[in-house]
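Peer 1: Next up is a structure, given as structure tokens.
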Amino acid sequence: MMRGCHICKLPGRVMGIRVLRFSLVVILVLLLVAGALTNLLPNIKEDKMLTLRREIKSPSKSALDSFTLIMQTYNRTDLLLRLLNHYQAVPSLHKVIVVWNNVGEKGPEELWNSLGPHPIPVIFKPQTANKMRNRLQVFPEVETNAVLMVDDDTLISAQDLVFAFSIWQQFPDQIIGFVPRKHVSTSSGIYSYGGFELQTPGPGNGDQYSMVLIGASFFNSKYLELFQKQPAAVHALIDETQNCDDIAMNFLVTRHTGKPSGIFVKPINMVNLEKETNGYSGMWHRAEHFLQRSYCINKLVNIYDGMPLKYSNIMISQFGFPYANHKSKM
């Protein structure tokens, strides 16, 4: 009887073992599925990290392949809007910074934005004082290595800008621009400022220049920081004359590099639009303008204890362009 009873309980025990095995299989399958899902999580995180890396790297790539336009303006809203519209179509332009020198007056930011959208962001920077050197601040919005600085009455063709930017990429430590000037030492040892109408400064054929004006030029954004570190007397001179910040920048660059401060690029189509505005006339119309420029050169020589500017006769022009069509009116 005892054996019979023992034998009768065997089927139940077998069923229990089967249930246990089934449960173990289910648990094992669940563990495998959970493990597989867990293994997928690092891939998701890795994808996110790759995306994040791309986002982090993209500004550096943009910094090399694009430039920021800085334009200082005063009493020329009509021209400003026209120029902003023109420069929106320039390739490689990353951002536009408008240095608004009409102190206490509201800029045309709302009007500009209301007529958008625009392909290139424009940032208006109202100033608390109308100073010439406002445009040489270290703007936190500048995210590119190259800065294009353009006066608010100057229209430069997209073709000229694309070409000049390509030259700057080859010579990123110099000013690459469209308007050359030079200094000349007189017999008395006093320096004069001028253009190609002055005597040739050295032996040999052809003419030379020693400065490239920054109002139509590309230069490295690091020079904005270096400008802030120049002697206080330099800043005071610019504020005193409301002039000569471009001459000071040429002194800075050539002192920093030991090379000529800039390279002259011959423009194909660059136009001064000052006659088309109802606003402010440029400083170069003032009778004392060139006298001030000569004054600044001599003052800077005293501040820096010497003349650092170097002459150059290099002019770069676009190969193969039909020069009969040149329209430069500068």
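Even glycines carry a Cβ here, placed using N, Cα and C.
Okay, these came from Swiss-Prot:
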type     : residues                                                                             : note
ACT_SITE : Asp246                                                                               : active site
BINDING  : Gln72, Arg76, Asn101, Asn130, Arg135, Asp151, Asp152, Asp153, Asp245, Asp246, Arg293 : UDP-N-acetyl-alpha-D-glucosamine binding site
BINDING  : Gln72, Arg76, Asn101, Asn130, Arg135, Asp151, Asp152, Asp153, Asp245, Arg293         : UDP-N-acetyl-alpha-D-galactosamine binding site
BINDING  : Asp153                                                                               : Mn(2+) binding site
TOPO_DOM : 1-21                                                                                 : topological domain 'Cytoplasmic'
TRANSMEM : 22-42                                                                                : transmembrane segment
Peer 1: Reported as an integer number of Å, what is the Cα distance between Arg135 (UDP-N-acetyl-alpha-D-glucosamine binding site) and the residue listed as 'Mn(2+) binding site'?
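Peer 2: Cα of Arg135 (UDP-N-acetyl-alpha-D-glucosamine binding site) to Cα of the residue listed as 'Mn(2+) binding site' measures 15 Å after rounding.
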Peer 1: Considering every residue in the topological domain 'Cytoplasmic' (1-21), what is the mean pLDDT value?
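Peer 2: Averaged over the topological domain 'Cytoplasmic' (1-21), per-residue pLDDT gives 48.
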Peer 1: Cα-Cα, whole number of Å: Asp152 (UDP-N-acetyl-alpha-D-glucosamine binding site) versus the residue listed as 'active site'?
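Peer 2: Asp152 (UDP-N-acetyl-alpha-D-glucosamine binding site) to the residue listed as 'active site', Cα-Cα distance: 15 Å.
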Peer 1: Across the listed UDP-N-acetyl-alpha-D-glucosamine-binding residues, Gln72, Arg76, Asn101, Asn130, Arg135, Asp151, Asp152, Asp153, Asp245, Asp246, Arg293, what is the farthest Cα to Cα distance, given in whole Å?
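Peer 2: Between the most distant Cα atoms of the UDP-N-acetyl-alpha-D-glucosamine site, 24 Å.
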Peer 1: Any same-chain residues 6+ apart from Arg293 (UDP-N-acetyl-alpha-D-glucosamine binding site) with CB under 8 Å of its CB? Would you list them in sequence order, or say none?
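Peer 2: Non-local contacts for Arg293 (UDP-N-acetyl-alpha-D-glucosamine binding site): Tyr193, Asn243, Cys244, Ile247.
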Peer 1: Which state, by DSSP, holds Arg293 (UDP-N-acetyl-alpha-D-glucosamine binding site): helix, strand or coil?
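Peer 2: Its secondary structure by DSSP: helix.
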Peer 1: Between the Cα atoms of Asp245 (UDP-N-acetyl-alpha-D-glucosamine binding site) and the residue listed as 'Mn(2+) binding site', what distance do you get, rounded to the nearest Å?
Peer 2: 17
Peer 1: I want to verify one value. Collapsing DSSP to three states, which class is Gln72 (UDP-N-acetyl-alpha-D-glucosamine binding site)?
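Peer 2: For Gln72 (UDP-N-acetyl-alpha-D-glucosamine binding site) - judged by DSSP and reduced to three states - the answer is strand.
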Peer 1: Measure the Cβ-based neighbour count of Asp152 (UDP-N-acetyl-alpha-D-glucosamine binding site), defined as the other Cβ atoms within 10 Å of its Cβ.
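Peer 2: Its Cβ has 25 other Cβ atoms within 10 Å.
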Peer 1: If one looks at the chain holding Asn101 (UDP-N-acetyl-alpha-D-glucosamine binding site), which residues at least 6 apart in sequence have a CB under 8 angstroms from its CB?
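Peer 2: Asn101 (UDP-N-acetyl-alpha-D-glucosamine binding site) has long-range Cβ partners Gln72, Thr73, Tyr74, Gln127, Asn130, Lys131, Asn134.
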Peer 1: If one looks at the chain holding the residue listed as 'active site', which residues at least 6 apart in sequence have a CB under 8 angstroms from its CB?
Peer 2: Met211, Leu213, Ile214, Gly215
Peer 1: Run through the Cβ atoms and count how many others sit within 10 Å of the one on Asp245 (UDP-N-acetyl-alpha-D-glucosamine binding site).
Peer 2: 24
